[in-house]
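The annotation S-adenosyl-L-methionine binding site is assigned in TrEMBL to Glu72, Glu97, Asp125, Asp147. Among the features that TrEMBL reports, substrate binding site is placed at Lys151, Asp183, Thr221, Arg222, Tyr223, Glu224.
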Amino acid sequence: MTKVDVAPCGETGGAAHSLKSFGRRKGRTLSLRQSTLLAEGLQNRSIDVSQPLDAPALKRLFPESVRDIWLEIGFGGGEHLVWQIANNPRVGVIGAEPYLNGVVSAMDALVTRELTERVRVYADDVLALLRVLPPECLSRAFMLFPDPWPKKRHRERRLFSAHLLDKLAPLLRPGAEFRFASDIDDYAEVAIEAARAHPAFDIARVFTTENRDTMPDWPVTRYEEKARKQGRGATFLVLQRAVEPKV
Ligand SMILES: C[S@@+](CC[C@H](N)C(=O)[O-])C[C@H]1O[C@@H](n2cnc3c(N)ncnc32)[C@H](O)[C@@H]1O
């Protein structure tokens, strides 16, 4: 099996992402209970990005039963993250989400369902997290309905980009899936193009809302539901970290 040499950042031409891809970090004022949930959750479950994590250190963050580590980028209120944790008992999930009210909702659900043990949270920009994770530590990643930034002058804020793929590729095991979804047609098109052009990713599947039920392990997220109610379907991509170099 030939492994792909994953290009260091920038080699595929992915521009560095210096603009923030997220909007506000706080919404409605948190109740005392929510503030406590957040503080306790972050104290016990957060990931320190002040220095690189090696593979044993990352493994130690999770219970021994965890065989695979997945990453969810921008988990919002955490519905998908919680579903995956509940349905995959040998998996540990790292969630990155800068919107604190979303982090609180996820913590609340995890605490209620006694599922906190296999989750670690980075409550800020995922790009900082990607800089410290060890090579090939992830066996799956998700980025579901990233902020659409529909105005042309804001397009550079979109999180899915060649730059993001450059950063994520070395962290994924060969063959690992990276799942992406968007309800914004031109975002999905650009994502498909970026993946097609990237040497470290293959496109395993592309499907839409119509044949969505062919993926029973891909629950509907809050934003997908919102888009549906507004009459927008979505495009779903399953990318795969290439095992053989692309020609
Ligand atoms: C439109 S929401 C979708 C939330 C959820 N995935 C869903 O489908 O319901 C996009 C989320 O991505 C988060 N986000 C944006 N930029 C991010 C970044 N650089 N790192 C991590 N999360 C980010 C936002 O805070 C927001 O919660």
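A Cβ is built for glycine as well, from the same backbone N, Cα and C atoms used for every other residue.
Here the features listed in TrEMBL are painted onto the structure.
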residue	record	Cβ within 10 Å
Glu72	S-adenosyl-L-methionine binding site	26
Glu97	S-adenosyl-L-methionine binding site	26
Asp125	S-adenosyl-L-methionine binding site	18
Asp147	S-adenosyl-L-methionine binding site	18
Lys151	substrate binding site	8
Asp183	substrate binding site	20
Thr221	substrate binding site	23
Arg222	substrate binding site	17
Tyr223	substrate binding site	22
Glu224	substrate binding site	24
- request: Filter the binding-site residues Glu72, Glu97, Lys151, Asp183 down to those with CB closer than 6 A to an atom of ligand 1; keep them in sequence order.
  value: Glu97
Message: When DSSP is mapped onto helix/strand/coil, what comes out for Thr221 (substrate binding site)?
response: coil
- prompt: Could you tell me the C-alpha distance between Asp125 (S-adenosyl-L-methionine binding site) and Tyr223 (substrate binding site) in angstrom, no decimals?
  reply: 19
- prompt: Expressed to the nearest Å, what is the distance separating Asp183 (substrate binding site) and Asp147 (S-adenosyl-L-methionine binding site) at their Cα atoms?
  reply: 10
Task: Indicate whether Asp147 (S-adenosyl-L-methionine binding site) is helix, strand or coil by DSSP.
output: coil
- prompt: Of all the Cα pairs drawn from Glu72, Glu97, Asp125, Asp147, the residues the record ties to S-adenosyl-L-methionine, which distance is largest, in Å?
  reply: 14
Field: Pairwise Cα distance for Thr221 (substrate binding site)/Asp147 (S-adenosyl-L-methionine binding site) [Å, integer]
entry: 14
